[in-house]
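Chemist: Just dropping this structure here.
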Amino acid sequence: MASWLKRILKYHVGIGISLLFFTIGIATLPSYGITWDEPENFFVGRVNLNIIATGNLRYLDDPNDLRVAPPLQFRADTHWERYPPFASTVASTFSWLLAEKLALIHPIDAHHAGVVLFGALAVWATHALALELTGSFVVGVIAAFTLFFFPQFFAHSHNNVKDIPLTALFVTALLYIVRAVRVGRMRDVLTASVVTGIAGATKYNAVFLFPIALLLMVCVKGKTIMNQRSSHVGKGVIFLCISVISLFLAWPWVAIHPADSLRLIYQYVSTVGRNLSVLFDGKTYGAGFDVPWYYAPAMLAVVTPLPALAFCIVGICTSVGFGFAKDAHTRAKALPLLWISVVLVRYLLPSTVVYNGIRHFFEVAPALSVLTAYGIVWVGNWLARRIGRGKRQIIILCLALFVIGHEIYVTVVMHPYQAVYFNEIVGGPKYASERFEFDYWGFSVKELVQWVNTHESNRKKTLTVNWIGFSSKYFPGNSFDLITSGSATDYVIIPHSNNFFSGAQSYWRERGTLLYAVQRMGADIGYLYATGIR
């Protein structure tokens with residue numbers, strides 16, 4: 001094979017993998033519905049889109065008077081500190097273009113197309129980062145496909161407008177941070193700065209990029225860091241300043257009154273979700289009070305398919321060795337372990353608010369994928385030394401196909417509910433559904449609404465989605481009114497998550513008639529009851 005073709009395959013195959021992800025993501029969009037937090041995020045995205053379209057900040061004071069108005073009425077929330085707007089603005093732009101201007105798809109699906117784009121970016125950046133760290137075509141491809149079919153990632157890349165965009169920007173920023181630390185090119189410093197600032201305008205967890213960058217610098221440069229401290233300090237100042245400027249440009253509300261805005265953001269981040277009910281291993285805790293210190297690593301362990309988890313553990317062990325290597329190039333390979341450690345360490349404190357499984361630290365998913373690739377290659381090399389070095393590539397290929405093939409199996413069988421997948425450590429989805437937060441975001445609501453529309457001919461009847469204030473227009477093809485909980489209604493939809501909806505489930509199990517239950521791998525995900533009231 002010609003050297004130029006090898007180079008193209010090595011460095012650009014990630015683009016092909018990400019395009020494949022985007023294509024499959026768009027094709028499967030109709031299977032996924034809107035989730036609990038999205039209406040407010042889409043509202044904020046539309047406000048920001050108006051600011052960009054007109055250059056007028058007045059929409060922050062009068063957000064309902066929109067020049068570029070949404071086709072659907074989203075819940076208004078003007079507590080701007082709650083909603084970093086960048087990803088929501090991208091989603092709103094997709095909705096404006098695909099649904100309103102071109103009339104190609106439903107507005108909710110159009111919003112979600114923007115989320116799929118971020119998912120594809122995360123896949124590309126994971127491949128590029130793994131390749132940057134190791135120089136290995138094999139590690140890059142395995143890492144990309146492991147993330148591609150990681151069940152939680154695949155599902156959330158369809159309808160999580162907060163955590164998936166942050167994950168994509170996080171790994172992209174780290175890619176350029178690694179390049180900036182290794183080579184020191186100013187263009188890499190500037191790119192890393194801009195992406196970091198935009199990540200901050202997407203979700204607050206972007207702040208972890210700064211300690212990761214600092215620790216990576218210390219890890220890679222070692223004792224030599226003091227010899228060029230003026231250069232490193234200068235680039236660090238540039239990185240910080242450009243990041244802040246990018247944040248202000250992407251989030252105009254922060255730029256208007258920075259001090260007050262940052263104070264409100266801190267107050268919100270430190271209190272949001274506090275004492276929210278968290279169901280973990282059959283026990284109920286209060287978020288920010290008594291959630292076990294091992295919640296975050298344990299949740300990562302039980303939602304990762306077992307083959308991938310096993311090789312990830314091997315990869316963690318190899319990363320520890322990388323961190324103590326003599327040469328700087330090898331020490332940089334410890335980044336994924338450093339990355340996970342920095343992000344998760346705060347969750348070891350019971351006072352840290354955490355709930356909804358891995359959603360609040362989703363940005364570690366690409367690191368897990370790279371570690372899994374490390375583990376597969378290490379085990380492949382170990383087996384090759386015993387079986388025959390000439391079979392090394394075949395062994396690694398077989399191991400990779402086993403891991404990725406199992407992920408594909410889970411993704412297909414659980415579709416479109418990969419977000420509620422749990423592995424065999426906790427008995428799979430069936431047993432985990434009773435002992436952990438399960439359908440905490442209303443993933444099953446769309447299918448249940450569609451069931452009513454298919455089986456009920458009387459369009460005058462009404463439907464309630466327990467607790468979740470969804471509009472009837474959020475669901476393509478729906479012709480039933482969705483009314484608030486507590487009102488007289490003909491049908492009740494209850495997502496299956498015992499930390500939120502156990503009371504409603506018990507009530508309607510006794511008083512209503514179960515018409516349909518969404519199920520995957522033996523687990524109930526959501527219920528539809530006829531109330532018999534009217």
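Cβ atoms are placed via backbone N, Cα and C, with glycine included.
All annotation found in TrEMBL is predicted automatically rather than curated by experts.
Note that the coordinates shown come from a computational prediction; the quantities given were computed from them, not determined experimentally.
For reference, TrEMBL lists these features for the protein:
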| type | residues | note |
| --- | --- | --- |
| TRANSMEM | 12-34 | transmembrane segment |
| DOMAIN | 108-244 | domain 'Glycosyltransferase RgtA/B/C/D-like' |
| TRANSMEM | 136-154 | transmembrane segment |
| TRANSMEM | 166-184 | transmembrane segment |
| TRANSMEM | 204-220 | transmembrane segment |
| TRANSMEM | 232-254 | transmembrane segment |
| TRANSMEM | 298-325 | transmembrane segment |
| TRANSMEM | 337-358 | transmembrane segment |
| TRANSMEM | 364-384 | transmembrane segment |
| TRANSMEM | 396-417 | transmembrane segment |
Chemist: Among 136-154, 166-184, 232-254, 364-384, point out the range having the most Cβ pairs under 8 angstroms from the transmembrane segment (204-220).
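Modeler: Between the stretches 136-154, 166-184, 232-254, 364-384, 166-184 has the largest tally.
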Chemist: Most CB pairs under 8 Å with the transmembrane segment (364-384): which of 12-34, 136-154, 298-325, 396-417?
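Modeler: Stretch with the highest Cβ contact count: 298-325.
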Chemist: For the transmembrane segment (136-154), which stretch among 12-34, 166-184, 232-254, 298-325, 396-417 has the most Cβ pairs under 8 A?
Modeler: 396-417
Chemist: Do any residues, 6 or more residues outside the transmembrane segment (12-34), come within under 8 Å Cβ-to-Cβ of it, and if so which ones?
Modeler: 105, 108-109, 112-113, 116-117, 119-121, 123-124, 126-128, 131, 137, 140-141, 144-145, 148, 155, 157-159, 415-416, 442-443, 445-447, 449, 470, 474-476
Chemist: Just give the helix, strand and coil counts over the domain 'Glycosyltransferase RgtA/B/C/D-like' (108-244), going by DSSP.
Modeler: 125 helix, 0 strand, 12 coil
Chemist: What parts of the chain pack near the transmembrane segment (232-254), using Cβ distances under 8 Å and only residues at least 6 beyond its ends?
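Modeler: Contacts of the transmembrane segment (232-254) (Cβ under 8 Å, skipping residues fewer than 6 from its ends): 48, 51, 57, 60, 80, 84-86, 180, 184, 186, 189-190, 192-198, 200-201, 210, 213-214, 217, 221, 225, 261-262, 265.
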